[in-house]
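> Please read through the structure below; I'll follow up with questions.
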C-alpha cells in the first residue's frame, strides 16, 4: 500500500497510525509519546506521511492529552488533512526523514484574491506567528495559515530554494509571495525572471500594492536588509522599510523612473538591464580560494574582467572545465560572512549578538550558520561576477546538500580587492544579484592615496584614468562602481592607488539602498573629472590577513619522499581532491579515510614533516590549515584546552575543505609515563581530553565535513587508548613513522639542509663529500643535521676569517671538525655504557669464541655495505653461556669496543616491575633506546633471570617479558643495526623459544680454561704487574686446575697484596707482620697535638723517635691540598679529626710544631732546620690514652715513612736518591713465593663437584637428544612443568 522507496532521504523505521482530525490551529502532526520514542524522532525532524495519495511531509509535536495506553493515533487539523486528501479514520504509514534541508528561500502564492487581501492586512501578525504554525513545507502543498483566532487563509508552496523534495523553514528563510489580484487578465506575466523564479506583475492595482511590497523577515530583532530583494523605491508611498517578509513584486523590472534618464547613457543602462535579465545568477555563499579559474587565467578574459572589481565564481569540480571555458558576466554585491572565531572576537570587543543568533552560532547545523544574515559585514562591495560553468553550479546544488556543505562553490577575488575588503583567504562570502538601477554620475573626483612624483600633473592623471576606463569597460559591458572606490593607475612605471568618488545631481533623495553608478569610455567624455594632487591621509598599514605557513615543502625536505607521497595520498582522498574520490566517497561521512598520525622520536622532524604536508595540501588542494600547538596548551586548565580545540574545529568546518594539525598531541592526551601516575590529575585530564576529542571527531563524521586531521606523537602507544583503540571509532587509520634515516636518506637530508640554509646548490662546494659525512652520522636525526650544518658553517667562517656567507665554502673537513664532541639528540637520554679500554689482546684463551664474535658482529659493523650484498640473513643474536668467571661479560665489552658500536648493558632484574605492563614497557623502551643508538650492542647479563621458561612464574610477569622479548627479537619490523648479546650460566633455564632461529640463534660455549689458556690468561693479566725474575707462570698454570679466568685474576691480586705486606712489615714480626692481627695498623697511628692535654704529649727521650727518622721537609710531609689525600690514605681519616679538620697549614702547626728551646740538626738531612721537638706517641684501637713505642715499632714506622717519601717524590718528580735509592716499584715485585703463598690461601670459585655438574648440564644442553634418552625424571605431586 505504501512504497518504502519513495524518498531516498527517509529513515528505515516506521509505524502505521490512524488519522484523527482536531481543531488545532497549526499544521503539525500531533503524536503520542510512546510513538515518538518508537520512531526515535528528533526535534524539528520531518515525517513522511504515506497513504494512497502522493506522500506528504509534515512536522510533528508531542500531543499532551495522550496517555501511555493510547493506540497509534496521529491527530491533525481538519483543514490540513482535507487539503492533503485524508479523512478521519484513515490509516497512514509514518516514516521519519533522516535529512532535512534548511530552506533559504520559499516562494508561495495565495490560493485566492481574498487570501491575498487578508494577507496584506495581517502581514505583521503573520511574521510573528508563522513558525508557530508550520515548519515543514514541500512543493505544491496547500496549507492553511491562521491570521487570528477565527480567520485563516490558504497558501500554496510554489518552489523551494535550494531545490529539495521538502524543507524546513528557519528564522532566516526568505518568503517570496506572489500577489493575487482580482483583475481578470492579471496572469499575463513576462517570461523574464531571476534565479529564484521571481515574476513580474503589471496591472491597474500594482502601484496600490507597492506600499506592501516590503522586505520583511521572520525575526523582528534583526537589522539586516536582504540585498536580493531591494528595488527602486521611486514609487508612491515612500521608501522601503526593513523587515523579514519578502513580497514578490517587480524585482527585476527596471521600470521607468519618475524622472527618466535622458538618452545620454541609455546604451550602457540598456546593456546592464539586458545582462541582468538574460543571466540567472545564483545567490548563495561561496568559499574564497587562491586558485585562479579559467576566466581569470585566459588572456582575453583578463583584459576585460581582471582590471577592476571582479569576482570569479566556479563550481567545486573545476577539473571538468573545457580548455576554452564559457562564462557568464553579471553584476552583484559581495559581502563577507564572519567565521565563528571572528564572531567570538567581535563579541569580546563589546559587540553582542542577539540571543537567538548566539544560539545559531553554536548550533552544529552549518546551514543555519551560513545563512545567518547577522554575520554579514556592514559594507558590501559592488562588482562584476564572472560565473564559470553556470550549469554546473546549478547542478551542484543537490550534491552540496547531500554533503551538508556550507558553500555552493568557489570564488576567486583579486588580491588587491580582497585585501581592501579585509577578506582573508578561505573566507566565506555571500554574493547576491544587483537589482537596483545604476545611475549616471555627473562628475568624478580622483585623489591619490600616496605621494606622487613631482612632475605628475592633472592632465597626466586624466589621461591615464581615461586609458584605464577604456581597458576596463566597454559600452556593452560597462563598469559599475559604487560611490567610493579604490583604483590603481600606472603612473611613471609604477602602480599608484587612487580614490575615485562619484557625484550625482539628485543627491536630495535619501535612499536606503546603496547607490551604484555605471561608467564607460563614452560616458567619460561627458563627465567632468576633478583631480586633486594632494594625497589623502594614509591609513595605517593593516596587518597580514592571510595565514602563512612555513615555506618548507615536501620537495625541500630530504629523505621523506616515500612517506610524503603516502601521506599526501591519504589527505587527498580525505578531502575528495580527485574525481575518483568524489565518485566513490561522496556519500560517505566525514573524515573519510580517518586521521593521519605521524610518529617519531625527538628531533626526527615530525612537526616539520606535518607542516610540509599541510603546505602541500594548501597549495594543491586549496585547503585551509588550522594548527594547534599542544605543547603551548600543556599545563593549562581543561576548559581552556577544550575551548582551543573547539575553536580550531569550528574554524576548519567553516572554511572547509580544511586540515587540522594537532602538533605533539601526546602532551595533552597521552598516557602517563609510569604506572604510578595512572590516577594523577594530569592522567585524568588527558583521559577527559581524549574523550572530548573523540566527541568532536564524531560530530564531524556525522555532519560530513570536508576536514582532514593530522596529529603528531612520539609513539602510537603514547596516546590515550581511546584514540588508538581498535574498537569504537577508528580515529587514526593511517600511521606514518619516521624511522632513523639510512645512509642514503642522511645524504639527502644533508643536501636539503645545506640548500635551505645557504640558498645555493651543493655543486658549488666541490670539496664536500656528503656520502662520507653520512657514514659518520649514524643515529643522527633531522634536528642533529640542522645543528651540524650550523656548526660546519661556523667552522668554515672561522677558517676563512670571514663573516659573509656569500664567500662561504664548505668542505668535508669543516663537517669533521663539527662532528668532534657532538652528541646526537637520540643518544643524549640513552644510558650508554662505555666499555673498558680493552682489546682482543687483553683476553687470554677463548680463541674460537673470539673468532665467532668477530665474524658475527665486528666484521659486519666495519664493512656494512659488503655484508649487505650477501644473499644470506645476518645473525643479530648470540647467547654466551658457560660457568661463572669464564669471561662472558668481558667478551661483550671487548667486542663493542673493537667494533666501535654503542654499548647498552642490561642487568636482568632491573627490567622487572610489580606493576602490570611495566615490565613489558621496560623491554620495549630498552629496544627503542638501542634502535636510537644504532649501531648498537644490547647486552643482557644474567639472562636467565628475565627470560625463564614460561609457566613457572605464579605472577606471570616473566611470561609476559618473554613474550615481549620474542616480539622484539623476531618481530615484523626486525632489528636493524642492533646486535643482541646475552650471557648466562644456566642456559637450561632460558625459555627454548628464545633460542630458536631468528632470535638468539647462535649459542656460544665459553669453557673453563685449560692449562694453555690459563697460561695465556696469566700472561695477559700480569703485563701490568711487576714480576720478579723467579716467577714461573707455566708452573702456576699447571697447579691451578679448575681455576677460571676470574680466579686467576684474584690469585694475582692476592699475590700483589702479599708482596705489599712483605715489603711493609719486617720479617721478624709474628705471622709475617700481618697487620690484621697486630696493633701496628697504619690507620691507627696518629700524631697528637702538644696541647691536647695528655700527660704524655711531651714524652722523654726514651719514648722519642730518632731525629733522623723525621728528616723531612714540611713540603715533603704535608703537600698541598690537591695531593693531601695520599697522606690521609696512610694515616686514616681519624688523623684530621684528631686535629680538628684543619687546613694543611693548620695541621703543620699542630702536628709538627716544637718549642724554640730545642734546636738540633737532623742527621738524615744536614743543614735543615729541626721540625720536631716532641716525639710521636702511639695509641692502639683497643687502648685509651697513649703508649710509648718500642724499638721494633720505631723500625717499622721508619720503613713506612720511607715508603711515603718515595711515593710522594715519584709522583712529584723529585729526586728519589736522597733517602731511597733505586726505583720504588722494585720494592713491590711479585715473586714466585708470593704467588705460591697466595695460591695456598686461594681456592677456585667452582668446586670439582660443581664443575662436573656444569659440564653435564652443558653437555645435555648441547645434545638435547641425549638428554631425552636418559631415564625419565620423577615428578612429585603439584610440581609445575612446561612443554617448551
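Note that Cβ sites are derived from N, Cα and C of the backbone, with glycine treated the same way.
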> According to Swiss-Prot, which listed range is region 'Disordered': 339-373, 374-408, 409-443?
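Matching range for region 'Disordered': 339-373.
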> Select from 1237-1260, 1261-1284 the stretch of residues annotated by Swiss-Prot as region 'Disordered'.
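Going through 1237-1260, 1261-1284 one by one, Swiss-Prot flags 1261-1284 as region 'Disordered'.
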> Mind checking which of 602, 606, 888 has the fewest other CB atoms within 10 A of its CB? They're the binding-site residues.
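Across 602, 606, 888, these binding-site residues, the one with fewest Cβ atoms within 10 Å is 602.
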> Within the chain of residue 884 (ATP binding site), which residues six or more apart in sequence place their C-beta under 8 angstroms from its C-beta?
985, 1044, 1046, 1245, 1246
> In which DSSP state, out of helix, strand and coil, do we find residue 606 (ATP binding site)?
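Once the DSSP labels are grouped into three classes, residue 606 (ATP binding site) ends up as helix.
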> In terms of DSSP three-state secondary structure, what is the assignment for residue 888 (ATP binding site)?
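It is helical.
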> Are there residues of the same chain, six or more positions away from residue 600 (ATP binding site), whose CB falls under 8 angstroms from its CB, and which are they?
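Spatial neighbours, sequence-distant, of residue 600 (ATP binding site): 606, 712, 714, 737, 738, 739.
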